[in-house]
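S.K.: Below is one structure. I have some questions about it.
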Amino acid sequence: MKQYLELCQRIIDEGTWVENSRTGKRCLTVINADLVYHVDKNEFPLITTRKSFWKAAIAEMLGYIRGYDNAADFRNIGAKTWDANANDNQAWLNNPHRKGADDMGRVYGVQGRGWSKPDGGSIDQLRKIVDNLSKGIDDRGEILSFYNPGEFHMGCLRPCMHTHNFSLLGDTLHLTSFQRSCDVPLGLNFNQVQVFTLLALIAQITGHKAGTAYHKIVNAHIYEDQLELMQSVQLKRSPFPSPQLSINPDIKSLEDLETWVTMDDFEVTGYEHHEGIRYPFSV
């Protein structure tokens, strides 16, 4: 929690105003932010200086794991995060590759589970990672990438958190996640929860102990219409201790994650928080 607040304060103190062409808004921006999550100690990085909703974040990651390409599928498992980008983004609405309502195109999990090859085949990156790690193999390339510039035109949004690199040291699994851009007041808590949970899940289904998750952000920003709430409300509050995340121990394989797992298989305990803050969202 401390590192989140320190990043927010750093953006305010050191940030540069940048005009964002996609949203038409200015962002106060810094380059390079590093966050660390101690999954081994179960210090779940859920923001406590405002009420945060962790279930949608985990549901979204579950949708990525399953390779979903439709906002309706995400809604069905508890995440409404793709509704706007799939249905309210004018550039995507005008895109000939859009298949209809709720279609997201070839984004995120589609790339992770079915990266297109020049010969017409596809690569299931996540399956390869899980298979290797389950055998105790780390080939120094256990990398899950959603970033495919050759197909950006076929999706509603380029990936923000685009790469997850797993590393196995002995019987302990670590994760380094890379993010090109982050809306810190709104998006970062989602991303923190997802990085933490992804390491916890992959460690569990491959039979390893979860270690440390490293989260690297390139462009960290606060939109101009979010700044006042951040300065006058959230940064004035004192954080509470981190809560803990429990995952159903019956989840033992990638197939389990693909088929029967729901949000009922996750539980957060010890979550104390301040009142919610309604930050503006930029599509």
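Even glycines carry a Cβ here, placed using N, Cα and C.
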S.K.: Name the residue, out of Asn32, Asn191, that Swiss-Prot lists for the same dUMP site as Arg22, Arg180, Ser181, Cys182, Asp183, His221, Ile222, Tyr223, please.
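M.R.: For the dUMP site that includes Arg22, Arg180, Ser181, Cys182, Asp183, His221, Ile222, Tyr223, Swiss-Prot also lists Asn191.
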S.K.: Considering each pair of residues in Arg22, Arg180, Ser181, Cys182, Asp183, Asn191, His221, Ile222, Tyr223, all listed as binding dUMP, report the largest CA to CA distance in Å, no decimals.
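M.R.: Taking every pair of listed residues, the largest Cα separation comes to 21 Å.
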S.K.: So of Arg22, His221, which of the binding-site residues has the fewest other Cβ atoms within 10 Å around its own Cβ?
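M.R.: Counting other Cβ atoms within 10 Å of each of the binding-site residues Arg22, His221, the minimum falls on Arg22.
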S.K.: Within 10 Å of Ser282 ((6R)-5,10-methylene-5,6,7,8-tetrahydrofolate binding site) (Cα-Cα), which of the recorded positions Arg22, Cys160, Asp183, His221, Tyr223?
M.R.: Arg22, Asp183, Tyr223
S.K.: Sequence gap of 6 or more, C-beta under 8 Å: which same-chain residues meet both conditions with respect to Asp183 (dUMP binding site)?
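M.R.: Asp183 (dUMP binding site) has long-range Cβ partners His221, Ile222, Tyr223, Gln226, Ser282.
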S.K.: Counting across all protein chains present, how many other Cβ atoms fall within 10 Å of the Cβ of Ser282 ((6R)-5,10-methylene-5,6,7,8-tetrahydrofolate binding site)?
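M.R.: There are 17 such Cβ atoms around Ser282 ((6R)-5,10-methylene-5,6,7,8-tetrahydrofolate binding site).
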